């Protein structure tokens, strides 16, 4: 039997289920490892924790770590699905909820980083401090995370009959509610994705309006000619942050867009195969692997702290 089974009421072969579960589990493990190392590195270095922008990246790592754990649990349940037809439906549905909501929460956290950079580029210091200064950034991030979870909890009754919940997995089938659930999920992914792109584009425009072009080896002058020497480090930091965020957004576009497209196709009742759905989901999880790698590569303090950790581990061996 071909692994490219259409996700209808027909049961996919056990071999296909096993491969999909293994792919999901391996991807989830690779999501957990780099994010865990970044969290440990930040916990060891107080200097890193004092930077508001770095703390937002840290909270993104926490979101990605939770996503990896959800993916691992979901893969385990999925592997067991063809062995036991009496798997508890509420447990299956809740795990699926945390998986799909986790991807949206990761996108939402990236959106907050874009908001922070947009406000910084616009010179809206008071608003930026209102949202992200000291302990307020934790309130802002928590509010975002709770909002995403609440949104997906509201459509939880629809999630239980999604494409991977066919046949004996949770004893569910494709029902009428499923279509509405897919539409709501597609809306969440696409809206977050486009908000991120729009905010990033606006931040670039605002940054260029505030400052003139940088000529290598020359001083930086704003468009109104009033920049002082203290503004140069701020400008360079803003440019570096925007460049880092640009790399992250390119990876989001490459890795998350297939899942967005597959969700839209499902919303228009265009059925996708089990293999295709697994591929797009694992691709979206890969975005949570690249996030800590890119930010570590771009943040010197974080990079040095990780090097120290690896040296200590090598000495212990």
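For all residues, glycine too, the Cβ spot is worked out from N, Cα and C.
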The residue range that TrEMBL labels transmembrane segment, out of 55-74, 215-234, is 55-74
How about the transmembrane segment (245-265) with the transmembrane segment (20-43) - do they touch, taking at least 3 C-beta pairs under 8 Å (6 or more apart in sequence) as contact? no
Per the definition of 3+ C-beta pairs under 8 A with sequence separation of 6 or more, do the transmembrane segment (20-43) and the transmembrane segment (277-300) touch? yes
Same chain only, please: residues at least 6 beyond the ends of the transmembrane segment (94-118) with a C-beta under 8 Å from a C-beta of the stretch. Say none if there are none. 52-53, 56-57, 59-60, 63-64, 66-67, 70-71, 73-74, 77, 128, 131-132, 140-141, 144-145, 147-149, 151-153, 156, 159-160, 162, 164-165, 185, 188-189, 192-193, 195-196, 199-200, 202-203, 206, 238, 241-242, 245, 248-249, 252, 256, 259, 284-285, 287-288, 291
